[in-house]
Amino acid sequence: MAAWEGGDAGGGCKVCIASPSVVKGEGTGEGKERDSGGANPCAKQNMEERGSPDGDPARNLEQGPEGPETPIQVVLRVRPMSAAELRRGEQSVLHCSGTRTLQVGPPPHSPKNTYREDASHTPAVRSFSCTVFTFGQTGSGKTYTLTGPPPQGEGVPVPPSLAGITQRTFAWLLDRVQHLGAPVTLHASYLEIYNEQVRDLLSLGAPRPLPVRWNKTRGFYVEHLRVVEFGSLGALMELLQMGLSRRRSSAHTMNQASSRSHALLTLYISHQTMPPVDTGEPPAGGKLCFVDLAGSEKVTATGSRGELMIEANSINRSLLALGHCISLLLDPQRKQNHIPFRDSKLTKLLADSLGGRGVTLMVACVSPSAQCLPETLSTLRYASRAQRITTRPQAPKSPVAKPPQHLETELLQLQEENHRLRSQLGQMDPKASGLIGARVSWAQRNLYGMLQEFMLENERLRKEKRQLQSSRDLAQDEQRILAQQVHELERRLLSACYLHQPGPGPAPPCPCVMVPPPPCHALPPLCPCPCCHLCPLCQAPLAHWACPRSELHLPQVFGSKAPADIPLSARPPPWVPPCSPGSAKCSRERSHSDWIQTQVLAEMLTKEEVVPSAPPLPMGPLNTSPVLRGGAAVPNLARRLEALKDQIGSSLGRGRSQPPPTEGT
Ligand SMILES: Nc1ncnc2c1ncn2[C@@H]1O[C@H](COP(=O)(O)OP(=O)(O)OP(=O)(O)O)[C@@H](O)[C@H]1O
């Protein structure tokens, strides 16, 4: 199939484009012709045999329903002469006559620029993968074709007549989705390939390089790419603007805002009837991808240096890889060879569109200037080759739609068994089958009875469990109270020991410091202060009992009202209630040691009633202590409590038999 007839750079020859439609400049909406496609008899065979598992990843994908074989659609857009080109006095050498013929030479008449949106996006709504990509020399109008002119200022919208393919498709798609009747969800992602690195243009933070991976379901894909759900045209336009503003661009002699990266904006269209599957993948369904390729450039013409040159080299390399894949896809002699999609990130991400299962529209963009003619012809050749590639659109297989292998096998086995059992039943004589029926009903009745029994038993066990749990809780409460009492008694025992320690010695450590007093309702704490160095009974400093100059402590203990004439041993401790006038037992008449050795202290320390706060446990014989059901810790504590009481008693007994501390000891 010939793509070009004749064609020479310089001399006014006529160039016929057999298939690509010619779309020129900005403007209204004139019709577009395209080749009927499928005329290539080798195409089907090519699709089935070409490539290898390594080279043609599209061939190894798990695929859904197949569409008809479709050629890649190619259209050509000739932009008007730019102001800079006119200033430089350059001539326009491209003229379109009709929609299929492009003339190279001096203008026979002033061409009326036309633009027409292609209708090939419909398959995206039918779960196919559609791609629109623009290619051509730098400054030829690729970005303009896709996204229209940049906004002229904040809040100044681009007139609809100048809108690019992307915006027009957005409007068309949302309108289509509204009229579909079925609920549809829409998502978008936007990335750029800059110096062979994939960067997310919609990322929440600064764009980071992302890896490109391949799997059987998705083909090549970008890992961790942000996919954003949108519901309105406005929201989608915002995403587009966000991506455009983050994309790398620089100025050079041929374009003041030259894109330095290939950009891929993808819309995902999925039907909500499918249950969502959280696989970290974009939703299954149709896909529409807009690819704005960076322009090929001759660094001598653009004057690129330094970073611009590095970028230009990277752009040219990836475009070369793309051209190479296109050549191999076309060549029937090389159908056994693999297609080197893996040679660049760009070819990996376009493998889907070029290599087999997508619907693709390519827009070749050219400048009309005579200065650009060599690059223009190169672009036209590229376009001519590309339009001979055919694809067979296939809907990607949804992960939900695929039943697991083992379930399929199990289903088959069950069906077989069912069939076998049915036939066995059919062979049996009616007598035997009657017997079997009786057995079955008996078994069913029995099973029913067993089930009831199990339920009753279950209920009984549940009740028992609840009772045991409440017993355990009560025992635990009891244990806690007893532990507090033991603790308090230990403190008191320690205090009592200090009180009765004979002779001088080092000051004993304060029991409060070692054991802060716990709140106990059964035994009121003797000392409220956590670091008290006073005697818990008489409030005298503990060191007093060991200090040879104990008299010095007196003012602190009794204050200014302390009667100086009364010896320490004869003074009552401060906790003693005031003596009622006329009482025979006036505190003044009793000595300090009397007070300490009095029955009051012994009662307070040993005879105080220890009342358990919890009620008795519900189960168990009457004479059994409820704490016995609470575990080993509770009886241990009770025993320890008894032992402590004894110990306090005997300690106090020892105290009584010893002389009380006196002044000067
Ligand atoms: N159809 C058109 N009508 C009017 N102006 C256009 C048209 N196409 C392109 N231009 C202008 O030409 C200049 C270059 O266009 P654009 O940036 O789209 O080129 P490009 O091919 O994307 O370049 P690059 O590859 O360097 O990014 C811009 O100033 C743009 O406004």
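Cβ coordinates come from backbone N, Cα and C, glycine included.
Keep in mind that TrEMBL annotations are predicted by a computer and have not been checked by a curator.
For 1-74 (among others), the entry in TrEMBL reads region 'Disordered'.
Feature annotation from TrEMBL assigns compositional bias 'Basic and acidic residues' to 27-36 (among others).
The feature compositional bias 'Basic and acidic residues' is assigned by TrEMBL to 46-59 (among others).
What TrEMBL lists as domain 'Kinesin motor' is 71-389.
Look at TrEMBL and you will find 86-121 (among others) tagged as region 'Disordered'.
The ATP binding site annotation in TrEMBL covers G136, Q137, T138, G139, S140, G141, K142, T143. Secondary structure from DSSP puts G141 (ATP binding site) in coil. Listed in sequence order, R77, R79, C365, S367 are the same-chain residues six or more apart from G141 (ATP binding site) with CB atoms under 8 A from its CB.
According to TrEMBL, the coiled coil annotation covers 451-492.
What TrEMBL records for 645-665 (among others) is region 'Disordered'.
For ligand 1, the neighbouring binding-site residues among Q137, T138, G139, G141 are T138, G139, G141, by Cβ distance under 6 Å.
Its Cβ placed at the centre, S140 (ATP binding site) has 28 other Cβ atoms within 10 Å.
Each of R79, T134, N255, G295, C365, S367 belongs to the same chain as G136, Q137, T138, G139, S140, G141, K142, T143, is absent from that list, and has a C-beta within 8 angstroms of the C-beta centroid marking the ATP site.
Averaged across the coiled coil (451-492), the predicted model reaches a pLDDT of 86.
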